[in-house]
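A.B. asks: Could you have a look at this structure, given as structure tokens, before my questions?
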Amino acid sequence: MLLLALESSCDETAAAVVRDGREVLSNIISSQIDLHAVYGGVVPELASRRHLEVINPLVDEALQRAGITAGDLEGVAVTSGPGLTGALLVGVSFAKAFAYALNIPFIGVHHIEAHIQAIRLEQEVAYPFLGAAVSGGHTHLYRVDGIGSYRLLGRTIDDAAGEAFDKVAKMLGLGYPGGPLIDKLAVRYDSGEIKFPRPLLNRTNHDFSFSGLKTAVLSYIQGLPQPLSEQQVGQVASAFQQAAVDVLTAKTLRAAQREELERIVVAGGVACNSGLRQRFADLTAGSGIQVYFPKPLLCADNAAMIAVAADYYLSHGKRSGFDLNAVSSWPLEQVSL
Ligand code: ATP
Ligand code: MG
Ligand code: FE
């Protein structure tokens with residue numbers, strides 16, 4: 001099917017045209033980083049307004065770049081949750097109106113299912129696999145048996161990994177979003193003598209915690225004479241990333257082993273992290289476990305990923321109705337074909 005896909009769950013407005021859930025004809029992203037940077041985080045009301053301003057021209061451009069017209073489309077896919085309600089509603093309302101005008105089906109997609117299934121735009125990964133969603137709002141491990149089939153194995157009990165990256169970056173005065181900035185510093189600096197805790201590393205369950213790590217970083221920073229030198233900032237960033245990466249990789253691999261899963265798909269914005277990618281590669285070399293990462297553009301929020309599960313659902317006769325609503329909180333286990 002030839003689908004228009006839309007994403008507006010947080011601070012990126014994105015539109016894509018994808019054929020058969022696989023072939024990306026266009027995939028464009030309008031980021032709101034400039035808008036929220038001064039506040040050090042996403043301001044929901046501003047996010048919704050910006051989505052509203054850009055969605056029309058963005059869709060036009062996605063169609064144009066794909067070399068098609070609206071009349072060629074066979075369906076519309078949209079993120080309907082989880083995320084910021086006002087932001088989601090922009091995409092959901094647009095999708096309904098667009099589909100109504102063209103008399104084609106539309107479907108609401110779970111944002112985290114889209115992150116996990118994004119890998120299919122690049123390669124097949126056989127089921128079952130372990131899906132690790134590490135992003136601004138999630139640090140969740142799932143057993144994935146197919147599109148529409150997820151079982152939660154473990155999750156963060158407080159902050160998400162991306163949230164911790166962003167907050168630590170803010171403490172260090174680095175700017176927003178912090179993940180890529182910490183990543184860059186961790187490439188340039190080592191952690192020196194600094195060693196932060198690895199929360200829940202030795203617990204037998206598959207849950208994560210990042211709030212204590214964040215507090216440990218804050219107390220460490222507050223114990224230093226101000227302002228920090230460039231090297232101190234680099235070392236703190238590096239030590240924090242090492243702690244986060246250690247816990248993420250160790251616990252994900254342990255969960256895969258316990259569940260006897262030989263394939264791991266790591267997805268979401270934090271999956272861009274170079275330290276995380278490297279450590280997974282090091283730890284699994286020669287182990288028989290295969291770790292897959294979508295390319296960075298497909299790890300971060302984008303609309304092409306929304307088309308993957310949507311194409312499968314629509315092709316199997318599933319549709320959303322005009323009563324489709326934005327759902328801010330929506331456990332992935334509840335999705336089904
Ligand atoms: P969710 O997907 O849970 O709804 P979200 O959509 O806001 O949340 P994403 O856009 O998937 O989250 O990911 C954004 C997060 O990824 C931010 O917290 C950002 O700091 C983090 N991130 C992006 N690049 C990197 C990187 N290289 N290293 C670490 N974190 C990163
Ligand atoms: Mg974002
Ligand atoms: Fe996301």
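In case you wondered, yes, glycine gets a Cβ from its N, Cα and C as well.
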A.B. asks: Let me know which member of Asp301, Asp311, Asp323 TrEMBL also records as binding Fe cation at the site of His111, His115.
C.D. replies: Asp301
A.B. asks: Per TrEMBL, what member of Asp145, Asp166, Asp282 joins Ala133, Val134, Ser135, Gly136, Gly137, Gly179, Asp183, Asn273 in binding substrate at one site?
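C.D. replies: When TrEMBL describes the substrate site, the candidate it includes is Asp166.
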A.B. asks: Using C-alpha atoms, which one of the binding-site residues Ala133, Ser135, Gly137, Gly179, Asn273 comes nearest to Asp301 (Fe cation binding site)?
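C.D. replies: Minimum Cα distance from Asp301 (Fe cation binding site) across Ala133, Ser135, Gly137, Gly179, Asn273 lands on Ser135.
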A.B. asks: Around Asn273 (substrate binding site), how many other CB atoms lie within 10 A of its CB?
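C.D. replies: The answer is 27 other Cβ atoms.
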A.B. asks: Which binding-site residues out of His111, His115, Ala133, Asn273, Asp301 lie by ligand 2, going by a Cβ under 6 Å?
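C.D. replies: Cβ under 6 Å from ligand 2: Asp301.
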A.B. asks: Taking just the CA atoms, what is the gap between His111 (Fe cation binding site) and Gly179 (substrate binding site) in Å?
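C.D. replies: About 20 Å separate the Cα atoms of these two residues.
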A.B. asks: What count of other C-beta atoms do you get within 10 angstroms of the C-beta of Ala133 (substrate binding site), across all chains shown?
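C.D. replies: For Ala133 (substrate binding site), the 10 Å Cβ neighbour count is 27.
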